[in-house]
Amino acid sequence: MVDAVHVALAGNPNAGKTTLFNYLTGARQHVGNYPGVTVEKKEGGYLYEGQKIRIVDLPGTYSLTAYSVEELVARDYLVNEQPDVVVNIVDASNLERNLYLSCQFLELGVPLVIALNMIDVAEKRGIRIDTEKLSLLTGVPVVPIIARTGKGVEKLLETVQAVSRADARPQTLIRYGVDIDEALRELVPVIEKHELLIETYPASWTALKILENDEQVVAKIMLKNMDIGQRLIDRSEVLARHLQDTLEAYPETVIADHRYGFVRSILRQGEVTRVTEQDRLYASEQIDKVVTNRVVGPLLMAAVLLGLYSFTFSWSGFLVDWLGMFFDLLGGLTETILPDGPVKSMIVSGVIDGVGGVLGFVPIIMFMFFGIAVLEDSGYLARVAFMMDKIFHFFGLHGSSVMPFIISGGIAGGCAVPGVLAARTLRSPKERMATLLTVPFMNCGAKLPVLTLIIAAFFPNHQARYMFLATLIAWLVALMAAKFLRMTLLRGESTPFVMELPPYRVPTGKGLLIHTWERTWQYVKKAGTVILGISILLWAMMTYPGLPSEKVAEFEAMRQQVAASGSTDGTTALLRIDQLEAGVGLRHSIAGRMGMALEPISRFAGFDWRTNIALVGGFAAKEVIVSTLGTAYSLGAVDSENTTSLKDRLAGDRHWNPIAALAFLAFIMFYSPCFVTVVAIAKEAGSWKWAFFSMGFNTIFAFGMAVGIFQLGTLLGLG
Ligand code: GDP
Ligand code: MG
């Protein structure tokens, strides 16, 4: 005969555990105490289809912390005795509080069945519950019962039997916010590597408990391994300080908030009608009725996003101007102070132009991130994700993908690097991968100057409209690409949407500043390191090898000739010779040769060799496209006035026309993510394979698009 199946009944006090226990066991029960404590332990048994079932009635608790004896007894029993099935009795008339405990069973990873009890009481109060949906969202079977009359109990036993055979453990889908999730991701591998308590608890649970500063777990860890234990505690303290600084909250509070958020999200989707009295949660609930309303919600969202957009661009304008002036001044000063020669050329064209171009953009980035931090810290962004989930789901993504998209430039003017990092909140590897690969399609801050330049040059009458269109197209392409990836390489189930709706908070000034600074700093750091290097490299590639000496001599002779002739417009002639020399020099340089080598292919999309130089530079960092284009066109310009702006120069160049400009825009928007993003993708995806894939896939896709636009446009005679 097979061993008795071991079932534990767990739940809140007064949920009906004892009632169900008595109903099942009848006379076959035994009452004692748990060892060492005065908590009553009831054990009994029943037969189900000839199978003996041993059943234990656990003490009722509201949580699984280590604060009370009952809680300790309940969780010790679950992990030490390892019941085959845990039946979580949930009071249907008090779902929110009861499911909070269920969350913790999910975290603990015990084989769970939810018995939704007292549905008679719930019905009387007008509460309807979609049990199937509840089951889908929690990932565990849910059976409605009335323990007092035994209604539904037969089905419950059947389910218990099935779960005891299946040997499946639920996985928690709860996310605890960026900071805590990040800490968990760091702790879990350490716990696994050193095999700390893994025979009893899942590593993720242990990690969570360390962050919650659970005395029992911390003590057990320290007993096992002092050094590693201390390391884990140190990390937990870093998190605690960070949360204190940013949210003025303890990790336990934030974790609890997210559990409630998880529950609330489930309840909203389960279309449960119910009222909760708790004040902060109650207030959030009332606000959400308006904010996530089917009609008002999207309108409000559009207004908020537009507000963010105009806030960013109008308020940062003067700072952008100031910075621009500062770098112009710096360039002019350097120009006069330094002696002519390669060092001066490098500092002016390489360092100041390149890095200045990027830093000049910092105010916009900063204001944007500040606005996003307000939305994020207040809890509104979670609502945006909540509302967008349906659309995202259709494209094989998840509501949590919204944030990475927005940060990457979904409202124009972000950066894909923090965007890629933000994709960490996604739990499903495939949805996460699809998000990582498509966020670079957004119009990041580095693409903005290029878009602005080209639009101003070729479509000067409809700038705002084209800008808006570019944003729209970026979203469309990103979502379609995601859909394509999810139907091919990343095929698989989508995870059910359980997005936390944490209670609203008033953001703290300090928290906003820290969040804004963290993200802005990433951008500034990039300008100071990667972009500085790339600018210098590009400058060198566009300068060396210089012209052979006989060529230089030729130009020198031409100058002499002009000087000797003594003509009136000698200065203009001399300037022309300078430009001619620079142009020939550029063709002769490494970059120029690369640009020309690519021209036979790039011609199909309408790009000439100078554009190619800028595009190759743009792979290193999109920020350098404009400055490289500027250098290439000023060096390469043979017959134009040196005083015209790049915009006018492009508009007047014979290689350029509106169709070529459109093709160029399409290519810029969708070709390979910049170098730093590629590295970030490799890191986040855990392999270079995907990073290379995104370079290749995006570039081929973008080129195809550019060729299509250029060829079709030319065919139709639009050029
Ligand atoms: P425990 O604290 O979880 O053991 O809860 P009990 O089993 O002691 O039940 C608490 C109260 O709820 C008792 O008065 C039960 O009679 C009542 N109760 C339990 N199940 C149901 C049910 O399905 N419907 C109704 N109306 N009352 C129930
Ligand atoms: Mg009881």
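The backbone N, Cα and C atoms fix where each Cβ goes, and this holds for glycine too.
So that you can see what the record holds, here are the features copied from TrEMBL:
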BINDING   11-18, 36-40, 57-60, 117-120  GTP binding site
BINDING   Asn22  Mg(2+) 1 binding site
BINDING   Thr25, Gly26  Mg(2+) 2 binding site
DOMAIN    4-166  domain 'FeoB-type G'
TRANSMEM  295-313  transmembrane segment
TRANSMEM  350-375  transmembrane segment
TRANSMEM  395-422  transmembrane segment
TRANSMEM  434-459  transmembrane segment
TRANSMEM  465-485  transmembrane segment
TRANSMEM  527-547  transmembrane segment
TRANSMEM  659-681  transmembrane segment
TRANSMEM  690-713  transmembrane segment
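Known features from TrEMBL, placed on the structure.
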| residue | record | Cβ neighbours (10 Å) |
| --- | --- | --- |
| Gly11 | GTP binding site | 29 |
| Asn14 | GTP binding site | 13 |
| Lys17 | GTP binding site | 25 |
| Asn22 | Mg(2+) 1 binding site | 15 |
| Thr25 | Mg(2+) 2 binding site | 19 |
| Gly26 | Mg(2+) 2 binding site | 10 |
| Glu40 | GTP binding site | 13 |
| Pro59 | GTP binding site | 22 |
| Met118 | GTP binding site | 24 |
Positions whose Cβ lies under 8 angstroms from the transmembrane segment (434-459), at least six residues beyond its ends: 357-358, 361, 364-365, 368, 396-398, 401, 404-405, 408-410, 412-416, 419-420, 423, 426, 466-467, 470-471, 474-475, 477-479, 481-482, 485-486, 490, 523, 618, 621-623, 625-626, 629, 646-648, 650-651, 656-658, 661, 664-665, 668-670, 673-674, 677, 681, 684-685, 690, 693-694, 697-698
Contacting binding-site residues for ligand 2, chosen from Asn14, Thr25, Gly26, Glu40, Pro59, Met118 when the Cβ sits under 6 angstroms of any of its atoms: none
Long-range neighbours of the transmembrane segment (350-375), counting only residues six or more past its ends (CB under 8 A): 304, 308, 311-313, 315-316, 319-320, 323-324, 327, 330-331, 334, 381, 384, 406-407, 411, 413-415, 445-446, 448-449, 507, 511-512, 515-516, 519-520, 523-524, 526-528, 531-532, 534-536, 538-540, 621, 623-624, 626-627, 630-631
Within the predicted model, mean pLDDT of the domain 'FeoB-type G' (4-166): 89
Stretch contact, the transmembrane segment (395-422) with the transmembrane segment (527-547), Cβ-Cβ under 8 Å, 3+ pairs: no
Rounded distance in angstrom between the Cα atoms of Lys17 (GTP binding site) and Thr25 (Mg(2+) 2 binding site): 12
Of Asn14, Gly26, Glu40, Met118, binding-site residues neighbouring ligand 1, Cβ under 6 A: Asn14, Met118
Chain residues in Cβ proximity to the transmembrane segment (690-713) (below 8 Å; excluding those fewer than six residues from its ends, i.e. six or more beyond): 433, 436-437, 440-441, 481, 604-607, 658-660, 662-664, 666-667, 669-673, 678-679, 681-682, 719
Secondary-structure category, per DSSP, in which Lys17 (GTP binding site) falls: helix
